[in-house]
Amino acid sequence: MKYKDLRDFIAMLEQQGKLKRIAHPVSPHLEMTEIADRVLRAEGPALLFENPVKPDGTRYGYPVLANLFGTPERVAMGMGADSVSKLREIGQTLAYLKEPEPPKGIKDAFSKLPLLKDIWSMAPNVVKNAPCQEIVWEGENVDLYKLPIQHCWPEDVAPLVTWGLTVTRGPHKKRQNLGIYRQQLIGKNKLIMRWLSHRGGALDYQEFRKLNPDTPYPVAVVLGCDPATILGAVTPVPDTLSEYQFAGLLRGSRTELVKCIGNDLQVPARAEIVLEGVIHPNETALEGPYGDHTGYYNEQDHFPVFTVERITMRENPIYHSTYTGKPPDEPAVLGVALNEVFVPLLQKQFPEITDFYLPPEGCSYRMAVVSMKKQYAGHAKRVMMGCWSFLRQFMYTKFIIVVDDDVNVRDWKEVIWAVTTRMDPVRDTVLVENTPIDYLDFASPVSGLGGKMGLDATNKWPGETDREWGRVIKKDPAVTAKIDGIWEELGL
């Protein structure tokens, strides 16, 4: 099923018993996090808090949607897939678009035409009138404190916008960039835009600032998009394709956009809330600390200040929010689902890879386990280096374990068995110093710069060892079949 907006998706989830309305008054200050965390860990439904309340007990005017993508199944549904396993088909499409192959013949060429036609017909449709601009706050009427912005953890410094899709455009780019960056509330019209220097929005801003050092930089932040657009913003879309175009492909219909009232950026026409504004030259503020997806409070640092000049919204808008914390949290669940999208992308570049897994306990990207069909000595090390360098999503992966294709990468018992029986700690450990590392990783010696470790837990080939290698014990299939046949009679 395809969803034209967030409300469509909510209605479908509610119809299937996958969304729970909460009429009881609940505060965005800590209470929503407590409830959402319990529900997510129980693999429970999405939550619509209908009566969020302020500290003094008065009611906010808008409901809060939380735990929307709290299970991999709901992520798949949001991407238009029938199941999590079907997400690999989306990955295969992205792999083809990233590096299209010449057709192998007339039949192959014709088989690819429908896909190419679908993709290029998904250019966004720009409309003049949009639901997201039914209500407009401008000037003194702009007041972010009227929104039920979530305060997630006890030592968080302030409420935090967590599910905002930030829309930017670089001075030399035709298409816009969509990114999700947390934003600290510091005033009725002020947010801190915490984008790291390598992220798309930050790069657009840096390029603009070089050419226009004294000019305010236009930005829009979208809250409450349709699921295809939200998930398109966190998917490794090829540079030749816009996130809006990819969202249209997932949805099966063109993304409807509308121009912002105060700038030329285009935003989803059926979004719930849109913040329009600018980043003024040299205006920064100290951000944090905040509890993050690592399970720790992160360091403070200075980031640009986003001045909100206008808030537009639908009638009776829904505020979409989440929290981040020690896994599992909603980003970790997203990582589990998107893992299936990554596999075909890696296999396109490295056909020897049979599976790839980012354990959610590893903060969704800091550790990877890869299985492969090994073909020569040193092959596992090539795969390690390839994974670190091929997709920018894995630039911050600290640990990569490589195993043979007889090991299930999603079963820690098998992975640990391979590590402890097929590895020599000295020979089979790869250490790389002074590599890009997650800014939030306080374990690294220098902020943004640290080490990586690769563990080669594959069977060793001649040239890698001088010893006779062990043979894996395997059961006799005939005996196994015989015992299967009499198992019930044994009464065990």
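In case you wondered, yes, glycine gets a Cβ from its N, Cα and C as well.
Record features, source Swiss-Prot:
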ACT_SITE  D292  active site, proton donor
BINDING   N177, E243  Mn(2+) binding site
BINDING   I180, Y181, R182, R194, W195, L196, R199, G200  prenylated FMN binding site
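Overlay of Swiss-Prot feature records on the structure.
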residue	record	contacts (Cβ under 8 Å, 6+ apart)
N177	Mn(2+) binding site	V167, T168, R169, G170, G200, G201, D204, E243
I180	prenylated FMN binding site	W163, G164, L165, T166, A233, V234
R182	prenylated FMN binding site	L160, V161, T162, R194, Y290, T324
W195	prenylated FMN binding site	T166, G179, Y181, G201, A202, Y205, F303, P304
L196	prenylated FMN binding site	A202, Y439
R199	prenylated FMN binding site	G179, Y181
D292	active site, proton donor	N298, T324, G325, L440
Fewest neighbouring Cβ atoms within 10 Å among the binding-site residues Y181, R194, G200, E243 goes to G200
Site extent for prenylated FMN (largest Cα pair distance over I180, Y181, R182, R194, W195, L196, R199, G200, Å)
14
According to DSSP, which kind of secondary structure is L196 (prenylated FMN binding site) found in, if we only use helix, strand and coil?
coil
Three-state secondary structure of E243 (Mn(2+) binding site) from DSSP?
helix
